[in-house]
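Asks: This is the structure, below, for whatever I ask next.
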Amino acid sequence: MCVYVSRNIYKNFYILIFIFNYLLYKGDGQLSSIYHYTIPEEVKTHHSKWMESGKFQGDIIGVNEAILHSSKGIMYNALKNKQLIWPNGKVPYVLDEAFSPSEVNELLKSFSTYKKFTCIRFVKRSNEKDYLNIIKGYGCYSQVGRTGGKQEISLGRGCLFHEIIIHELMHSLGFWHEHSRFDRNEHIKIIWDNILPGMKSQFDIISPALQDTQGEPYDYKSIMHYDSTAFSKNGKNTIETTVEGFTDVIGSSVMFSKLDIIKINKLYKCYKENSNEMTRESKENVLKIKKINEKEERNSKKITYENSNENEEIEIATVSPTCQDHFIDCPVFKSYCKRPSFFYVMKSYCPFTCNHCR
């Protein structure tokens, strides 16, 4: 039996090495310096990539708690105040000089992803008053929507991966986390007893007066959804889905879901004039992303990578799964189990956590 993995696995080589070294050498629960936050002494063994950042819901800045439950807010899962979206889908930006050439390339590829599936265009700033100032700060965070003037978005160490970049950019376009929807309790259950002390506010529901779901259903596959162990104090689930089989799906996306694309296109009116239909190009790309999402879900012996430059496959031997993790901190990286780039290393060293036991 063999597993096929693209050579594009090396694109994520840095984080693969980090995971391996963490599991091998950090079995005491201490976190690597790749993370910008400090875990409380009593709960050192588990984390989420945005927790303990001091930001609202882990990665959002510029939020006044008072407006979250008022009738005059600015936000959603898509903004209700349409004055706070970017006119004509054009988003000027300035990049921090601290980014390396490879990091700039990763950012540009993420911009291209938006261009491919939506009418959003990230363009270098000339003299625009409102623009994104993308910095290499401490951690991953963004404001929600166009807030005016120089608007900070941070993509620091450990944040410069495609799924994180498009997540933060989606915040800047006007989207909140999926789990904040007012109807979320019909689709997920919050396990309050497993949440870190002081972190329960990270699971707040945004007032219905502030939300515009655009008529779209709740999306377990959204790039904006928390994973099942987000802000966990003990490695156990903090979120479980009401639909069986989706608890391990939430928070594992590495790409837009079909509904993410539809919602962005709706909010920014990326449609033919006087029509509810997307342009032919946008529709074709949505169908393609649907196929990619479906491919990621399959428990297949072949794992392929979608890339515009390369789709070469190489064969590697499968490691027979056992019913025992090889490292105590495997649950820390549970959200990586279903990500194609990390499939082999997680299956090899964390088979129990990743449900590979038979």
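Quick reminder: no glycine exception, Cβ is built from N, Cα and C everywhere.
Straight out of TrEMBL:
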ACT_SITE  Glu168  active site
BINDING   His167, His171, His177  Zn(2+) binding site
DISULFID  Cys323-Cys357  disulfide bond
DOMAIN    77-271  domain 'Peptidase M12A'
DOMAIN    323-357  domain 'ShKT'
Asks: Going by a 10 angstroms cut-off between Cβ atoms, which of the binding-site residues His171, His177 has the sparsest surroundings?
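Replies: Output over binding-site residues His171, His177: least Cβ neighbours within 10 Å is His171.
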Asks: Could you give the Cα-Cα distance between Cys357 (disulfide bond) and His167 (Zn(2+) binding site), in whole Å?
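Replies: Distance between the two Cα atoms comes out at 32 Å.
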Asks: Taking only the residues in the domain 'Peptidase M12A' (77-271), give me the average pLDDT of this model.
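Replies: For the domain 'Peptidase M12A' (77-271), the model's average pLDDT rounds to 90.
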Asks: Which residue, out of the recorded positions His167, Glu168, shows the minimum number of other Cβ atoms inside 10 Å of its Cβ in this structure?
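Replies: Fewest other Cβ atoms within 10 Å, among the recorded positions His167, Glu168, is found for Glu168.
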Asks: I need the CA-to-CA distance for the residue listed as 'active site' versus His177 (Zn(2+) binding site), whole Å please.
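Replies: Computed Cα spacing between the residue listed as 'active site' and His177 (Zn(2+) binding site) is 10 Å.
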